[in-house]
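*Asks:* Got a structure for you, written out below as structure tokens; questions coming shortly.
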Amino acid sequence: MAEKSFKYIILGGGVSAGYAAKEFANQGVQPGELAVISKEAVAPYERPALSKGYLFPEGAARLPGFHCCVGSGGEKLLPESYKQKGIELILSTEIVKADLSAKSLVSATGDVFKYQTLIIATGSTVLRLTDFGVKGADSKNILYLREIDDADKLVEAIKAKKGGKAVVVGGGYIGLELSAVLRINNLDVTMVFPEPWCMPRLFTADIAAFYETYYTNKGVKIIKGTVASGFTAQPNGEVKEVQLKDGRTLEADIVIVGVGAKPLTSLFKGQVEEDKGGIKTDAFFKTSVPDVYAVGDVATFPLKMYGDVRRVEHVDHSRKSAEQAVKAIKAAEGGAAVEEYDYLPFFYSRSFDLSWQFYGDNVGDSVLFGDSNPSNPKPRFGAYWVQGGKVVGAFMEGGSGDENKALAKVAKARPSAESLDELVKQGISFAAKI
């Protein structure tokens, strides 16, 4: 059993880990001071590519093309880049025990890693139907998407079941993006989800109606208000049918499940303060344990502009929280401080020829503006959310770069709105004036 010691350890191999490593390199680290420990076999990469370009039938994205930090226009950190920057990249290494009081991590093979400062960037893991005891959920070709190995399995299944039937369980981010890319791969696609409309945590019924009709026009079948209650398999163990709770049965060659995720915090249970399902941090991503920071999906942090604490699962926050934590660590070493994290919630998605962005908070009353006809070749519409007479959230489908910047400005500024009717009339021009 080997033992290694580092000044800093980043635990994780996703977006936050890559961006934290980049920020350490920017701030300056000595060779041998920093290690990144990941259970994955590849250097940190931009996870959003997995549900988009990685699955395209032509011109598919492949590593090293989307290693961190190309997603934000930054430097691509190849495996050799870490070495050049004096960072030890420790891959295919699963940490099974963390002792925060002893400042040590233990791997599945018994190796011990000591640290002075730890950044927890373990991210999330998908919720699996086997977790809920769904009958037959362990059949072959029932797939999930979180890591590059999952994406490789899906690519192989798409090739093997060319033109076959795919059932997508879940109507959120992953469900929508995967339904689109499976359809682009010419599979027969059916989406199944229990909610009354897709993306219910963000979309209003009006916004969802546009996307559901657009998807239907593209040949995606949508079944709402029910769940997958069981699966039957062929003699070779591959999934054959999906039983729905409402009594219907769907044929399936591939099933892709996207029913949510949970933060990977179990290593730290009982050692660190938690809140809202994540590890509680301050505005610098410091946890309740000295010299331990948590970033990305696992962090429950103060959302300053709303006077609230939240946990955010999105690539934008994963990048920015990682950078904030490292800046805070390095500033403190020099007896200085950085400004508190003041995050503006931001979400986006791309599917088919569509592209939307959302900034702010989706609370209060909402109004739709623009052309939301899903039959139009280039639909362009948006929405505002108004609470207490102020615009608190803004959404746009098909917006230009300048229009999307205007959305961010209006959500940050939270200007007063005379009336909902006036917002409908002004549309994106209201945001452009801020």
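Just so you know, glycine gets a Cβ as well, placed from its N, Cα and C.
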*Asks:* Swiss-Prot records Tyr173, Ile174, Gly175, Leu176, Glu177, Gly260, Glu313, His314, Tyr348 as NADP(+)-binding residues. Which of Arg201, Arg380 is assigned to the same site?
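*Replies:* Site partner of Tyr173, Ile174, Gly175, Leu176, Glu177, Gly260, Glu313, His314, Tyr348 for NADP(+), according to Swiss-Prot: Arg201.
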*Asks:* Out of Ser229, Ser366, Ser416, report back the residue that Swiss-Prot marks as phosphoserine.
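*Replies:* Swiss-Prot records phosphoserine at Ser416.
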*Asks:* For the FAD site that Swiss-Prot lists with Gly13, Gly14, Val15, Ser16, Glu40, Arg47, Lys52, Ile95, Arg146, Glu147, Val315, Tyr348, give the additional residue from the candidates Asp291, Asp297, Asp371.
*Replies:* Asp297
*Asks:* Find the longest CA to CA distance in the recorded FAD-binding set Gly13, Gly14, Val15, Ser16, Glu40, Arg47, Lys52, Ile95, Arg146, Glu147, Asp297, Val315, Tyr348; express it in Å as a whole number.
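*Replies:* The two farthest binding residues have Cα atoms 32 Å apart.
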*Asks:* Can you see whether DSSP assigns Ser416 (phosphoserine) to helix, strand or coil?
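*Replies:* Note: Ser416 (phosphoserine) is in a strand by DSSP.
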*Asks:* Quick one: pull the CA-CA distance for Glu177 (NAD(+) binding site) versus Asp297 (FAD binding site), whole Å only.
*Replies:* 20
*Asks:* Which of these binding-site residues has the least crowded Cβ, counting other Cβ atoms within 10 Å: Gly175, Gly260?
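*Replies:* Sparsest of the binding-site residues Gly175, Gly260 by Cβ contacts within 10 Å: Gly260.
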*Asks:* When DSSP states are folded down to helix, strand and coil, where does Gly13 (FAD binding site) land?
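*Replies:* Gly13 (FAD binding site) sits in coil per DSSP, no helix or strand.
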